[in-house]
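Here TrEMBL flags C:Arg48, C:Arg54 as NADP(+) binding site. As annotated by TrEMBL, FMN binding site applies to C:Arg125, C:Ser126, C:Ser127, C:Asn238, C:Ala239, C:Gly278, C:Lys293, C:Pro294, C:Thr295, C:Ser296, C:Ser297, C:Arg319.
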There are 4 protein chains.
Amino acid sequence: MSGSSLGKLFVVSGFGESHGPAIGGMVDGCPPGLALCAADLQRDLDRRKPGQSRHTTQRRESDTVEILSGVFEGRTTGAPIGLLIRNEDQRSKDYSEIATRYRPGHADYCYDQKYGHRDYRGGGRSSARETAVRVAAGAIAKKYLAEHAGVRIRGHLSQLGPIRPRDFDWAAVESNPFFWPCRESVPELEEFMDALRKSGDSIGAALTVVAEGMPSGLGEPIYDRLDADIAHAMMGINAVKGVEIGDGFACVEQRGSEHRDEMTPEGFLSNHAGGVLGGISSGQDLVVRIALKPTSSIRIPGRSIDRDGNPVEVVTKGRHDPCVGIRATPIAEAVLAIVLMDHLLRHRAQNAATQAPIPPIAARAPGA
Amino acid sequence: MSGSSLGKLFVVSGFGESHGPAIGGMVDGCPPGLALCAADLQRDLDRRKPGQSRHTTQRRESDTVEILSGVFEGRTTGAPIGLLIRNEDQRSKDYSEIATRYRPGHADYCYDQKYGHRDYRGGGRSSARETAVRVAAGAIAKKYLAEHAGVRIRGHLSQLGPIRPRDFDWAAVESNPFFWPCRESVPELEEFMDALRKSGDSIGAALTVVAEGMPSGLGEPIYDRLDADIAHAMMGINAVKGVEIGDGFACVEQRGSEHRDEMTPEGFLSNHAGGVLGGISSGQDLVVRIALKPTSSIRIPGRSIDRDGNPVEVVTKGRHDPCVGIRATPIAEAVLAIVLMDHLLRHRAQNAATQAPIPPIAARAPGA
Amino acid sequence: MSGSSLGKLFVVSGFGESHGPAIGGMVDGCPPGLALCAADLQRDLDRRKPGQSRHTTQRRESDTVEILSGVFEGRTTGAPIGLLIRNEDQRSKDYSEIATRYRPGHADYCYDQKYGHRDYRGGGRSSARETAVRVAAGAIAKKYLAEHAGVRIRGHLSQLGPIRPRDFDWAAVESNPFFWPCRESVPELEEFMDALRKSGDSIGAALTVVAEGMPSGLGEPIYDRLDADIAHAMMGINAVKGVEIGDGFACVEQRGSEHRDEMTPEGFLSNHAGGVLGGISSGQDLVVRIALKPTSSIRIPGRSIDRDGNPVEVVTKGRHDPCVGIRATPIAEAVLAIVLMDHLLRHRAQNAATQAPIPPIAARAPGA
Amino acid sequence: MSGSSLGKLFVVSGFGESHGPAIGGMVDGCPPGLALCAADLQRDLDRRKPGQSRHTTQRRESDTVEILSGVFEGRTTGAPIGLLIRNEDQRSKDYSEIATRYRPGHADYCYDQKYGHRDYRGGGRSSARETAVRVAAGAIAKKYLAEHAGVRIRGHLSQLGPIRPRDFDWAAVESNPFFWPCRESVPELEEFMDALRKSGDSIGAALTVVAEGMPSGLGEPIYDRLDADIAHAMMGINAVKGVEIGDGFACVEQRGSEHRDEMTPEGFLSNHAGGVLGGISSGQDLVVRIALKPTSSIRIPGRSIDRDGNPVEVVTKGRHDPCVGIRATPIAEAVLAIVLMDHLLRHRAQNAATQAPIPPIAARAPGA
């Protein structure tokens, strides 16, 4: 069935399988006048692409994106922006095993249950390869948000298996292959990943994405709340099993007097809410955290069944990410950008004529 | 802007403010032929309604629902089902303070930023009162799922502040005002809540909702994944700050060999995934957990600003739930039912003619 | 299935059956700050309501609308506006005949084919009674368009059976029960309708609706063109079988040199296009014409079948409009207002930040 | 803004400009299991493509379509089907005139009003070239409808300027470049078109599209009626200014006793309704007629303005269709197929579990 789109006014649609001829899609609803070229998209695609360190899959894809429409003389026209990324490294191999046996913990079985027929090459549609389309589309949203709304989106890995950063520095994030905000503990990560790779196993991770410079007033209560749409988009990223806004599950043990973010004329005094109250942005930084499960494509044998229901033992060979969380930072950034862009346009639709007369306060009080 | 609907084929739309004349809405897309009367909806409305114990708000609402259309001779016709619940206990009081001052941690400020004009009586549109519409609509979905798809949905409080159940018994859940699955620790909850109420503060909570008897194959990868739509709907419930499917954030520290649910011809051997793989239901029980923040409407003074940006001290008087999680179980059940119903219809749309030929295995292997 | 809504950003949803307890619905997406009260809606409801002359059905409905939400202190808040109209004159009668026999030309048969179960009282959901909801919602759109966008929408009957106006005067339209723009030929209409009523037959009609003061730039090429959405909304009015924009079917015999509307710095020299080019409004008057079929509810016996497939003769008794076109003018106006309102908001979403720098020309050149 | 999609469950999205690198799109929601290859789409693309006779534009495009995803081992998988058609004959020419002057009757002016920036090469997004995407997508729908629902869709030109067919023969339609159902009058058409081409002018046309073998019960009253969605999709085809279902505007002068289609146990006795009653298909043939205006791209000088508002004279040079109606038959067929496919899936969503128990009668009584 349909359902391959994200957003309502800024609509990202994607198609493509891991080992088909290409992946691609379109961005419908980008305002006209945005300066845009393929290189603007390529930067984030390069951050996501595989094979950049020994800690990710060794599949080699240049992930070169082509803009097929919607841009003229270097600026968007308002028409849909067609995107195309050819698959290059579809290594020919024998898929007979994967075609008839279900990897435990993988979507194989569910696809067969749903469709009765699936493209099993490299995971087909269920492969995380598809996220490249969201990254390309998200780069358009990020550019618009930065240039026309003053919003900056960035993310970092916040936990990998048992390892947490020991300190925090945005500047560190892009200086290591893990998007890790703590230079000091990078060697620890490398060691952990090397051992993991040798063991043939995989590991989970957590990511944090932040939007700074947020306008207040984005989000449509009650159903299409900003946080609800963020949760939807984040949970739609492969392997994500949990989403938190602000303090998230830590709220459970908090008291109201502790959780509420007090306000002064100079700004908010804290940000437990993560930038959203009642489904509407408050102008504080938007803070989102997601949990990614360990991938099921591992070399350690597991019990499963085949298409005929017989018991089999499954070992996944081939090139796989031992921690899908590592490459997920640009994906989560992209997805957040798409949702914010959509809500920015939705907000404008309603309020152009009836601007809120109440001046907003600062995202943060001086010293808070 | 628009955005007051949930679902694509089974569409629930709601309107209404806390202290307006009525709340209501419509369910569009319920299949014809379902036996239905107002009493079917009233049961869950009664579970949610305030004033049933000293631990929830003392507002008195009968929450009597009227079915205005879409049902004829005791069965749904396929036409939209109009729902109406009159507000009864809109206590007349002086709202001048709440109208001009922003409660810290509350949506007041965001509404004013967004709309420049809000119905401040009792929280207006941002009040959790609106959830009654979702509960009524969800009761229709629950009934259809139970009678026509064999799916049973139920939930329970799984944590209240620092307190966790010491054992687990579904039978206990409806026997106490907390939807608490452990009879033994109910007095502990009561004591905690009594002290909290006296202190004028509020507390967070966590809920778990489970769907048993799930068909496999529900969910539309990649964007409209079943888990993504669940996350959206759950995060759309007032006060929710986090959503987990299956093991959720616990995945972060898990290895693939530990997390993956092995399969045998007799069924799955575990359920870390919480019933969804690749965005599609596996037939295992669907397990969702949500975090609800402590409400910001508390009697303890807090720093804030007024509409003119001046510093003020805010104390929230009136009738409020000290733990909004307590009444949220029927809401979370309803919301899950709505999403599942929507995806059941979406699944049928595509697959009526091309049924999956692969017989599903059991949700759980014997002894697993 | 779902499908009881109109619009994407200004979303009108409706429920209700002819002889159920009430009809109603909601308007989701009305911008905040619009001055609004029930009387604003009542005016158009009164123009549409039955029993105002001997030429329409004698059913007596006050069509009193209640606004249940979304308006506070006399202004819209941005929250959904709930609408309720109680049915009053559900005359108790024996429906056994209509329940089991299909009126030829009526939707009875199709409803039973689709749903297998229908509310047959007074046509149930297929009754034109439901259009009252669209009229109420459209009145909100008309008011916003008039006050915040300078757009005026009005319509008139342009043909009734074989009778066409002999001259044209907007001022005449509201002075007779037919919305007829030619005072001189009103007696001719009355005579025709009196004879028709006696014969027990019904007659078709054509309507014209015009929007003046149109902004240019509304409409989303290629699929959600302004004219496409108008065609959808108009064809959704009961009994409509044809829709034309501008010259409509007369274009078939026109040459390009004749059809194209030439432009001068002072304005357009003609309006064959009816205000839309390439799916986008040009700023010229929007001109829409629709054909309404003669109702099938007539007293003249016709051949048909019953639910069991047996041949029967059907005679429709009861209170029916001999020309449904007569009361359709306010409906068509409302529907056009809803579509324009939706596209106005859609336009704002995209273009708030990138306003077109090209000044528009006048809708009409002086003397054109 | 967004709006480049058609359908709700069978969703066709398109991108691309006339002289950009490519046009393309995706079909989201095609059921799995349909046998499909590029050749299935190419047949209709070839029927639509330009340069097949002297009566259409001489632009040379092979319109070779590539299927990029969603098909595996010759069958659809249920995943979105990516489509790509490279533009080949983007003749390099001087566009400076068209870039700054508005062709009267063309969308140029409206695009500039809306976007402030447009791709003017060959009409850009407003070019009918984009319809190739709908034709490719529609071919998928046609194939599914034919093979899985027994529905056959075909169309023909029914009027060209003043010329109407003198008799009717489906067999003639594909034997001439006009899709004309009357062999005898083809020379008359050729003569008319030759003279027209010499004159530099253009002409309007009317088309008829028919769906045979219709299931009853398709369409969602009240708003998403089958006929409403058809009207939307047809009016979305470039140059269409009017849409009729069944008798269309002829209804205006009909009486109810004449218009209603009587029924017998053997079938319907007539088909004035064109296959839709109350927005739901009756099982009779679906009959749709559309009016296409004469294109504004003509060689005859016309008065207009430039971007700066100065008066100019415009003459459109280059390669253009003197009658856009000629190539529109495959487009209208495709568009009807897309709408029917969408409603077939929508119908299945609701009714899989509650099949209508009333056996349908024949589309036509023997001899009717």
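Including glycine, each Cβ sits where the backbone N, Cα and C put it.
Note that TrEMBL annotation is computational and uncurated.
Shown on the structure are the features that TrEMBL records.
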| residue | record | Cβ within 10 Å |
| --- | --- | --- |
| C:Arg48 | NADP(+) binding site | 23 |
| C:Arg54 | NADP(+) binding site | 11 |
| C:Arg125 | FMN binding site | 29 |
| C:Ser127 | FMN binding site | 21 |
| C:Ala239 | FMN binding site | 22 |
| C:Lys293 | FMN binding site | 31 |
| C:Thr295 | FMN binding site | 27 |
| C:Ser297 | FMN binding site | 24 |
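Here the C-alpha separation of C:Arg54 (NADP(+) binding site) and C:Thr295 (FMN binding site) works out to 17 Å.
For the pair formed by C:Ser127 (FMN binding site) and C:Arg48 (NADP(+) binding site), distance between Cα atoms is given as 14 Å, rounded to the nearest Å. When the record's FMN-binding residues C:Arg125, C:Ser126, C:Ser127, C:Asn238, C:Ala239, C:Gly278, C:Lys293, C:Pro294, C:Thr295, C:Ser296, C:Ser297, C:Arg319 are compared pairwise by CA position, the greatest distance found is 44 Å. Chain D has a C-beta under 8 angstroms from the C-beta of C:Lys293, C:Thr295, taken from the binding-site residues C:Arg48, C:Ser127, C:Lys293, C:Thr295.
Per Cα geometry, C:Ala239 is the residue among the binding-site residues C:Arg125, C:Ala239, C:Lys293, C:Ser297 nearest to C:Arg48 (NADP(+) binding site). Chain B has a C-beta under 8 angstroms from the C-beta of C:Arg125, taken from the binding-site residues C:Arg54, C:Arg125, C:Thr295.
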